[in-house]
């Protein structure tokens with residue numbers, strides 16, 4: 001019989017039916033104007049592919065910050081974080097409190113570390129007089145590329161973390177490569193850097209091996225801000241206000257199209273695996289430029305040539321774990337150790353794995369954030 005040759009999968013059928021019912025319900029809510037969405041959000045919802053409408057609705061409700069919106073999202077969208085439509089199936093093991101509570105460094109620990117490691121750590125300015133600034137650039141919507149669902153969670157999370165660490169955060173969204181470069185130059189020229197002790201630059205978008213994509217990017221007409229350009233904008237020649245101060249660059253973006261996992265045998269013999277020729281650093285150039293480019297450290301969400309993954313209803317795995325590690329360990333660990341803990345959280349490989357990567361590190365001392373001081 002036909003039904004024996006093609007047995008139904010009842011759970012799959014029920015899941016699909018549930019999605020259809022939910023989408024129809026959301027369409028009625030939007031059409032009846034019960035939730036009073038902005039006109040641009042309505043248009044975005046109506047123009048979206050049917051399979052994407054639920055995620056467009058989530059983003060629109062997140063902007064409202066209303067009690068009704070919160071109840072709707074909690075009721076309909078509380079699902080397993082590892083099952084989101086082609087996104088990475090990575091285990092989110094960190095407890096919720098670690099994402100919301102920043103552990104503070106006690107005055108005694110602050111005094112001890114400053115006394116014992118005076119020559120080894122970057123000096124921290126007094127909280128009352130310093131003017132720390134941070135810049136977040138996030139591209140979510142693109143003319144030719146897919147929408148980055150869940151990116152709003154990354155903005156909210158990183159902004160909250162940096163504010164808790166004492167930074168005044170500037171957020172810019174939906175920029176072309178030229179627009180990103182212009183915003184960075186304006187940020188680098190801020191007078192507040194003179195009385196600051198450090199800065200954070202957070203870049204979140206689609207990406208390529210050598211740069212971060214602007215909103216107009218396509219294969220035919222690239223719109224990419226080269227990573228080299230960022231270093232040039234903030235180096236000691238062009239940004240004297242941050243000279244000899246830590247400049248931390250966080251990048252959430254793909255750096256190629258390969259997945260980050262491979263299969264190996266449980267054996268001590270060398271394994272054959274897919275490889276690529278990475279560009280070689282030129283030692284002479286590094287020495288020549290060391291006095292110009294110094295006190296940087298970049299932390300990328302993945303290795304060169306590989307993908308980076310994002311949960312449509314919770315944000316990117318990299319940013320989520322980064323925030324968690326900062327909130328738990330910034331009270332006692334310097335920056336490099338915090339980054340190492342983020343990498344360790346990705347150490348167990350799974351399908352669609354990624355490995356965050358520290359790059360272009362020219363810090364000459366340990367950078368402690370000393371939250372609470």
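Backbone N, Cα and C atoms are what each Cβ position is placed from, and that goes for glycine too.
The number of other CB atoms found within 10 A of the CB of residue 206 (active site), across every protein chain shown, is 20. Annotation comment: Swiss-Prot describes 206 (among others) as active site.
Summarising the annotation, Swiss-Prot assigns active site to 254 (among others) and lists similarity to another entry as the type of evidence. For the recorded site, residue 254 (active site), the DSSP three-state label reads coil.
If you look up Swiss-Prot, you'll see 1-91 marked as domain 'CARD'. If you take every residue in the domain 'CARD' (1-91) and average the pLDDT, you get 60.
Residues or ranges marked as phosphoserine by Swiss-Prot: 83.
The (Microbial infection) ADP-riboxanated arginine feature in Swiss-Prot is assigned to 310. In the three-state DSSP scheme, residue 310 ((Microbial infection) ADP-riboxanated arginine) is classed as strand. Packing around residue 310 ((Microbial infection) ADP-riboxanated arginine) is summarised by its Cβ count: 25 other Cβ atoms lie within 10 angstroms of its Cβ, all protein chains included.
According to Swiss-Prot, the region 'Required for LPS-binding' annotation covers 1-59.
In this structure the alpha carbons, written CA, of residue 206 (active site) and residue 254 (active site) are 6 Å apart. Note: the Cα of residue 254 (active site) and the Cα of residue 310 ((Microbial infection) ADP-riboxanated arginine) are spaced 10 Å from each other.
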